[in-house]
Amino acid sequence: MTSKDTGKQEAAAGAATTAEEYPQGSTTILCWNVNGIRSVFGADAAGKNSARGTGKASPSPAPLALRSLPAFLKEHDADILCVQESKLSVLDEAVVKAGLIHVPNYHSFHCLSEVRKGYSGVITYARKGATVDAWTGKGADVFEDLEGRAMITDHGMFVLINLYCPNGGRSMEYKFAFYERLLAYLAKLVDDGRDVVVCGDMNIAHTAKDIWNPKTNANSTGFSPPERALLDRLTHDLEFIDVFRHVHGPDAVEYTFWDQKTNQRPANKGWRIDYFFVSTGLIDRVKDMRILGDVMGSDHCPIVLTLNVALPTENKPPASAADVTIKRATTITSFFAPKRPRSADATGSAATAAKAGSSGSRAAEKSGESTTADVEPETEGKAAKKARKS
């Protein structure tokens, strides 16, 4: 987060709207830990399974066209898509060409890790006109997190917080510190009169109904009593509502994560660690919440929330929208491409243009707008990849 983001909480407080004033309509919010966005929606998706139905592998991979980001948004009629574990290192030309920044009719807001390449990262895609402002969780007035774990968007009627919370495998101390800052930030928003939607991979199974083997995992990372107490504080002290439990009841059993290393998904031996939580002012506007367990492509499945509110449509694009600040791929490459010379004079002009292109690329790099097509591999460290016990 830059210095411009400091004080966004106060600005957000000024945009508060009470639940009674919300215009009637319908808003659909999708949330998905994709475990590497290019493997699901980018060029790498061509060879991945996007089967639906049973949770088992299909005999052949789906065509790339069926896995494009615009097609996915259209299929689910999503007004907002919150992505976790994007694993993007930089927003460069390769990411632009993959169609992960400029999505028709949507703005994209990216939060990348600054401490590790190809790690963590969250993205929020929101319909154009629906976002008042947007900022990351990197600032001292938010979560002080540099691992790319939080993207906050203000939609006037509510603030949406897109989260990829720490697993705890590398550092339980860091996980608890992150949650303490999250809880304090949520308390501030509620005190300021804002309604809030929290969604994402919380990396905690809250109750015994949220994990397939609670007895053997009683003290495992992600289900230990101290971790579960963090969600108790969210739901009891701050009175946020777990929308899945609100809609489906305390005894419903559905999961959102399955360990790929031990192939637990076919047997549905999973964890529910992806959530929608809403503040009390929004609960009467909840229409539905579903877990899309038949959508493949990641070790998590998407979840979807439908609210009986209408998003704004006339807001100008926030300055933090990546699709506004980053040029499309064609404008980066074609402008500086040397033309075939028609004469000796033209040959000299072409050489000059090529030189200008090189200088322009260096200038773009210095300004923070990368034009290189080299992207770090989407890999995590061994400690961060440590699988949950099952």
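Every residue, even glycine, has its Cβ placed from backbone N, Cα and C.
TrEMBL labels come from automatic prediction, so no person has curated them.
The active site annotation in TrEMBL covers Y164. Other Cβ atoms within 10 Å of the Cβ of Y164 (active site) number 27 in total over all chains. DSSP gives Y164 (active site) a strand state.
Look at D201 (active site, proton donor/acceptor): DSSP puts it in a strand. Residues or ranges marked as active site, proton donor/acceptor in TrEMBL: D201.
The active site, proton acceptor annotation in TrEMBL covers H300. H300 (active site, proton acceptor) falls within a strand when secondary structure is assigned with DSSP.
The feature Mg(2+) binding site is assigned by TrEMBL to N33, E85, D201, N203, D299, H300. Here E85 (Mg(2+) binding site) comes close to N33, V34, N35, G36, I37, S120, G121, V122, Y164, D201: these same-chain residues lie at least six apart in sequence, with C-beta atoms under 8 angstroms from its C-beta.
Taken from TrEMBL, the feature compositional bias 'Low complexity' applies to 344-362.
TrEMBL lists 31-300 with the feature domain 'Endonuclease/exonuclease/phosphatase'.
Summarising the annotation, TrEMBL assigns region 'Disordered' to 337-390.
Annotated site 'Transition state stabilizer' per TrEMBL: N203, in sequence order.
The DSSP secondary structure for D274 (site 'Important for catalytic activity') is strand. Long-range Cβ contacts of D274 (site 'Important for catalytic activity') within its own chain (separation 6+, distance under 8 Å): C31, W32, N33, C199, G200, D201, M202, T256, F257, H300, C301, I303. Feature annotation from TrEMBL assigns site 'Important for catalytic activity' to D274.
The site 'Interaction with DNA substrate' feature in TrEMBL is assigned to H300. Counted within 10 Å of its Cβ, the other Cβ atoms near H300 (active site, proton acceptor) come to 23, all protein chains included.
Remark: of the recorded positions D201, D299, the most isolated position is D299 (fewest other Cβ atoms within 10 Å of its Cβ). The average pLDDT the prediction assigns to the domain 'Endonuclease/exonuclease/phosphatase' (31-300) is 92. Non-local contacts of N203 (Mg(2+) binding site) by the CB criterion (under 8 A, 6+ apart in sequence, same chain) comprise C165, P166, N167, G168, K175, G222, I273.
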